[in-house]
Each structure stands twice: as C-alpha cells, then as structure tokens.
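Q: I have a structure I would like to understand better, so I am pasting it below and will then ask my questions one at a time.
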C-alpha cells in the first residue's frame with residue numbers, strides 16, 4: 001500500500017510538468033533574454049557615442065601609461081608633453097605661435113597606428129588648444145572624420161608670465177557691429193583673477209556676463225560691439241603675488257558692413273594720345289582686417305602687352321572712431337598705343353565674394 005502511494009505521488013508530479021502547450025516553453029525563455037538585452041545595448045551605444053571623440057587623444061605618462069585628456073590640462077612651464085592620437089592618418093592643430101617660428105621643440109610623427117605630438121621645454125607662450133582628428137581620404141581628396149576627433153586646452157603655468165606672451169607690445173582689435181570682438185589677453189594660470197581696464201579715462205570695465213564676458217581660453221569678449229567701446233584697453237591679472245599687466249589693445253570701430261568688396265574704377269583719362277602714360281585705378285573700401293585680391297582683364301592682355309600692376313592698402317580714420325581700409329590696384333601703361341584701346345576690367349575678391357567693375361579708354 002505504501003509503495004502504491006509513493007508511485008502515485010511521483011506520477012502526479014511528473015504529470016504536472018507536461019500539460020503545458022509547446023509554445024509556452026519557447027515564449028518564456030525568449031522574453032527573459034530580450035527584456036534585459038535591449039536596454040543594455042542602448043546604454044552601451046550612448047556611452048560609446050559620448051566617449052568617441054575623447055578616446056582618440058591621449059597623453060603619454062610615465063612608464064608607458066596612457067591618460068585620456070579632459071577639456072583642460074594644466075602643466076608647469078618647462079615640462080615636456082607627448083600626445084598620441086589613434087589612427088593611421090592623423091592631422092593636428094596647435095597654437096600658431098609654434099608654426100610661426102618653426103619651433104624645433106615641436107615634433108610631429110605619423111606611425112602605423114597613431115599620430116604623435118611631442119613638445120619639449122614648454123613655455124608660457126605654448127598655452128592654447130591642442131587637437132587632432134582622423135583624415136578620411138579618397139585618392140587625393142581628404143576630409144575630416146567628425147566622429148573621431150580629440151581636443152584639450154593646455155595651460156603652461158608660469159608665475160612670472162601670467163599672460164600668454166605675444167610677439168608685439170600693442171595690438172589692434174576691430175569692433176564690427178556684425179560679430180563679437182575678442183580682446184585676447186589669455187592667461188597661463190586658469191585660476192588667475194583677470195580684469196579689463198580702459199586707459200583713458202582710467203577705469204575698470206565691468207563684465208556683466210552678457211554684453212561683455214570673460215573666457216579663460218579667449219580673453220574678454222564684446223558680444224555686441226558699438227562705437228562706445230573704442231579706445232585703448234589693457235588687462236590686469238592676479239594670482240598669489242603682485243598683479244601683472246597685459247599689452248595694450250587699440251579698439252577701432254568698423255563702419256563698413258561685411259560683404260563682397262565695394263569697388264570703384266577710374267582711368268587717369270578716358271581718351272589718351274599715342275605715347276601717353278595711362279593709369280587705371282581700382283579702389284575698394286572695406287573692413288580693416290579683410291584682405292582683397294585683385295585681378296585684371298585689359299585689351300593688350302592676349303598679345304602679352306607689358307603693363308605694370310601695383311597693389312597696396314592703408315587704414316584711414318573716418319572720424320568719430322570709425323576706421324576703414326582702402327585697398328587699391330593700379331594698372332599702368334607707360335606708352336599708350338592703338339592696341340591699348342578698349343575695356344579695362346578689374347575683379348576684386350574677398351572672403352564674402354567678388355565685384356567686377358570696368359571702364360573704357362579710347363584713342364584721342
């Protein structure tokens with residue numbers, strides 16, 4: 001009887017495991033796997049996308065260790081630094097000061113799997129942005145891979161040089177109503193307290209965080225420059241010692257709007273005698289810091305008529321602090337001939353576009 005009861009219980013428990021539909025055994029395990037898997041993949045993707053641009057640039061530390069770089073880095077002036085950027089075709093950007101003087105302290109190399117930047121015996125003047133990116137090339141055409149970049153701003157701190165040194169003792173800053181203006185008194189110590197001052201009348205210029213702001217990587221920024229801001233200014237910095245003064249900056253207000261060159265052309269005479277000297281002058285009135293390129297088309301060009309072309313420019317003060325730049329190109333014919341009769345065309349070009357003007361010179 002006891003043996004019969006034991007066999008009955010075992011049979012019932014075994015029987016209770018089998019009445020499920022075949023589909024139930026398939027659905028439940030799939031549900032258990034899919035639910036946790038989806039969120040994990042999304043989290044991993046977002047983490048990867050946020051760290052992509054940071055993972056390409058690293059600093060080489062002691063004993064072959066590597067360190068990912070934050071947005072800013074502070075190092076004492078005098079130290080050397082090695083940066084590596086992952087990739088087989090890497091381009092670099094660094095303070096232009098190092099290129100201007102072809103500094104031998106800077107070394108760039110491209111190896112199989114990474115680009116290398118080494119800067120030895122650093123100075124306060126090396127303070128600035130250091131960045132790299134991977135180049136994607138198809139034949140001779142290359143473009144920047146926006147998903148694989150790295151950047152850091154390095155302060156090379158020097159208590160004797162609170163301001164990043166500049167080649168000159170005086171700089172001009174143009175105030176254009178269409179764009180922010182920067183007074184570039186950058187510091188080598190990010191914790192330094194920096195203030196902006198007007199030379200005359202002597203006063204501190206208050207930064208309100210809206211119209212005038214201070215950016216430790218740029219300097220003081222006038223968001224909406226006006227003619228009231230013109231004058232001579234300087235910066236003062238303090239950091240655990242006597243305050244230091246920056247170079248002076250002359251702020252000049254620009255009255256010429258941005259756009260293609262405003263161009264005029266005039267000939268010294270619209271009618272000339274044979275053997276006369278003729279000058280054709282092309283003039284552009286524009287922004288002080290915008291270069292203008294000139295090109296000419298003239299009647300004797302195809303026959304390679306010898307002419308003299310002279311280009312020059314100068315700044316002029318148009319009163320009330322308004323400054324503009326006059327750029328000129330002069331085409332000179334020293335002995336006018338019949339083949340010089342016709343239309344003289346001047347093409348003036350800047351970053352915003354080009355303007356074509358023309359005048360006619362006839363034989364008298």
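Cβ coordinates are placed from backbone N, Cα and C, and glycine is handled just like the others.
From TrEMBL, for reference:
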COMPBIAS  29-39  compositional bias 'Basic residues'
DOMAIN    39-132  domain 'Ig-like'
DOMAIN    261-364  domain 'Ig-like'
REGION    16-54  region 'Disordered'
SIGNAL    1-16  signal peptide
Q: Within the domain 'Ig-like' (261-364) only, compute the mean pLDDT.
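A: Taking every residue of the domain 'Ig-like' (261-364) together, the mean pLDDT is 89.
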Q: Per DSSP, what is the helix/strand/coil residue tally across the domain 'Ig-like' (261-364)?
A: 3 helix, 64 strand, 37 coil
